[in-house]
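S.K.: Just lifted these from Swiss-Prot, have a look:
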type	residues	note
DOMAIN	6-284	domain 'CN hydrolase'
ACT_SITE	46	active site, proton acceptor
ACT_SITE	128	active site, proton donor
ACT_SITE	162	active site, nucleophile
């Protein structure tokens, strides 16, 4: 019988920017630390390896192109040695891990999350369905197969990236699969302070909190920190530094949190510039209490009035076909 009570953990930290091997090594340290603390699940922020591409928001596409080759070189293959190293670390620490990473597949990058079991096995990998705003100049799109909730030793586990949490239909698709534990992977929250409230920590923490309430699930809101190396590499003018952090060219923007299925915060915030791991003890039986009041895809739904249609088929960019002597055509997806 599955244990309904266990400890979960969320990372709040900066990666080693655009240095995949160093970021993987840092991640392995967090995995070992969380496992030693008794956590059964550890959540990382969005594209934590090799870090969020902040240059997209700071200057022109022409200026930003200088960073693209290095970012590609430090993005990870889903079955590559860096991911396998994370798998080995998860198995050693006996902990489930959800890692946000920049995935490279052929010549295209994706904002991806990989689910690693406490046995060190990859149980699911998903891509952000639609990159946000200027992210579309760097990353490709996911497809309907990326909306999935998987069985794990910590219950029915799902994840989304960043502003996917303000997409009502995407959220509803996830809620409909009876998600119990959700990883909300976000970048840091220093960008455009006092200039764009919609990008700030207040409203986006609220988005994760509302996800917990609407979905009746535990939410691990993982937020990165904007590291000093990001300022040093990207901010070649005072104007760019001000855009990346109006409080000064210094680390910050970490606002990780854990929410219960009733929306209640379950831990204390760390200071926004402090790296560490947040922990909370969860009890999956709390979900039944939460859903007794609100179950928007169950007893509180009216499918005869409004309903959601989801195409969960993988998107294929090429299809091979062959024609035999009897003019029969066989198609093979590739």
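From the backbone N, Cα and C atoms, a Cβ is placed for every residue, glycine too.
A description of the local structural setting of each listed feature is requested, covering burial, neighbours and distances.
M.R.: Taking Cβ-Cβ distances under 8 Å and a sequence gap of 6 or more within the same chain, the neighbours of residue 46 (active site, proton acceptor) are 52, 100, 111, 161, 162, 185, 186, 187, 222, 224.
According to DSSP, residue 128 (active site, proton donor) sits in a coil region rather than a helix or strand.
Around the Cβ of residue 162 (active site, nucleophile), the number of neighbouring Cβ atoms within 10 Å comes to 22. In the three-state DSSP scheme, residue 162 (active site, nucleophile) is classed as helix.
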S.K.: How many other Cβ atoms sit within 10 Å of the Cβ of residue 128 (active site, proton donor)?
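M.R.: Here the count is 27.
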S.K.: Restricting to the domain 'CN hydrolase' (6-284), report the mean pLDDT as a whole number.
M.R.: 98
